[in-house]
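Below is one structure, written out as structure tokens, with a few remarks after it.
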């Protein structure tokens, strides 16, 4: 999670070429200085919010939960009965993850999570959602054309697999427990966690072993 | 409300484009808009549902044209003015014209982490027993409230099966109107895709969390 600042500066440098971006930059800057002047926000608190969600809370949290569930039957059982408590045992809790449910993929069932109405997403285990999760293409299609959405990610499931789509319409947050890939019997819990992608915990991918090339390239 | 935000089942938005895992923001203004929204939410002047309603109340064409954090920025500015924390004039100039509101306290940096870890649980006691049980067949009422609701259009009038009971939860529709302390029973209801999408359906089902006032026996 170290590349984010570079992305930010890339965009920043191009501000002059994008009037709308420039305008937003100014609008947000003006709002921030107004709110600081009025004593409504502490500027150091803003930096803290950003730092937490750029460097501390992200999908590696969820990957640890998944790897534990794959290797520890008692933990899996706990996750099924009380996902919020089981996940909290890692210290992953709080905002946008107060009420957790874990949905398990099997040979016959594949789960996919969406929020058609806005962008509800389990922050403590996955961090902030990617742009595509919040976008109109995903929100509109996940419920009517889940196989089409999976195909956009290169994911093709056998015809006899039933897809369960979870539309997050209240404050319950859903985490997909992907299937453990074959051939990983000798891997440690940490090595297993490294295989688990954010996308597999939303349900748009399955977990591959060896890891997907795209993920390796991104690292 | 039947706004542009209620997009489940719409066509024509194109393919979904993947992004790297570590890409959370696109430009510094998104970071600041995100943090300002969380910091101002911490003032306790509005609920998460009022926050959602402030975004979905935009004219549909504007909602669809905005990027994600533009929705947040619009919602934040709307609520700051509606709750009397800033004026339209102050938003325009970026300069404080009046005194600091004395009934609010900025969230200090050292309390941010703890506040996030605590979150805000939404479970509440309900003053009547649950009307439905797991296994019951239920129909989503064909209601079209002009205000905030979490029953999307694509399930209204449709029949599904209760598969989970989540307990009593803060009722979003009331919370979005600024009413505090209204809770009702929350269920997860599974709809067979065929019952939602007819001959275009793919095998499977779609699950939604729906409050009891949305439902009637089927």
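Just so you know, glycine gets a Cβ as well, placed from its N, Cα and C.
Just so you know, TrEMBL annotations never went through curation; they're auto-generated.
As the structure is a computational prediction, the values presented were derived from the model and not from experiment.
Per TrEMBL, the feature region 'Disordered' maps to A:1-20.
Annotated domain 'Nitrile hydratase alpha/Thiocyanate hydrolase gamma' per TrEMBL: A:23-204, in sequence order.
The Cβ of residue A:120 (Fe(3+) binding site) lies under 8 Å from the Cβ of A:96, A:168, A:169, A:171, A:173, each of these being in the same chain and 6 or more residues away along the sequence. Marked as Fe(3+) binding site by TrEMBL: A:115, A:118, A:119, A:120.
On the 0 to 100 pLDDT scale, the domain 'Nitrile hydratase alpha/Thiocyanate hydrolase gamma' (A:23-204) averages 97 in this prediction. Among the binding-site residues A:115, A:118, A:119, A:120, the ones with a Cβ under 8 Å from a Cβ of chain B are A:118, A:119. Same-chain residues with CB within 8 A of the center of the A:115, A:118, A:119, A:120 CB atoms, the Fe(3+) site residues themselves not counted, are A:117, A:121, A:129, A:134, A:139, A:168. Listed in sequence order, the residues of the same chain lying 6 or more apart from residue A:115 (Fe(3+) binding site) and placing their CB within less than 8 Å of its CB are A:121, A:133, A:139, A:167, A:168, A:169. In this view, residue A:118 (Fe(3+) binding site) is surrounded by 20 other Cβ atoms within 10 Å of its Cβ, with every protein chain counted.
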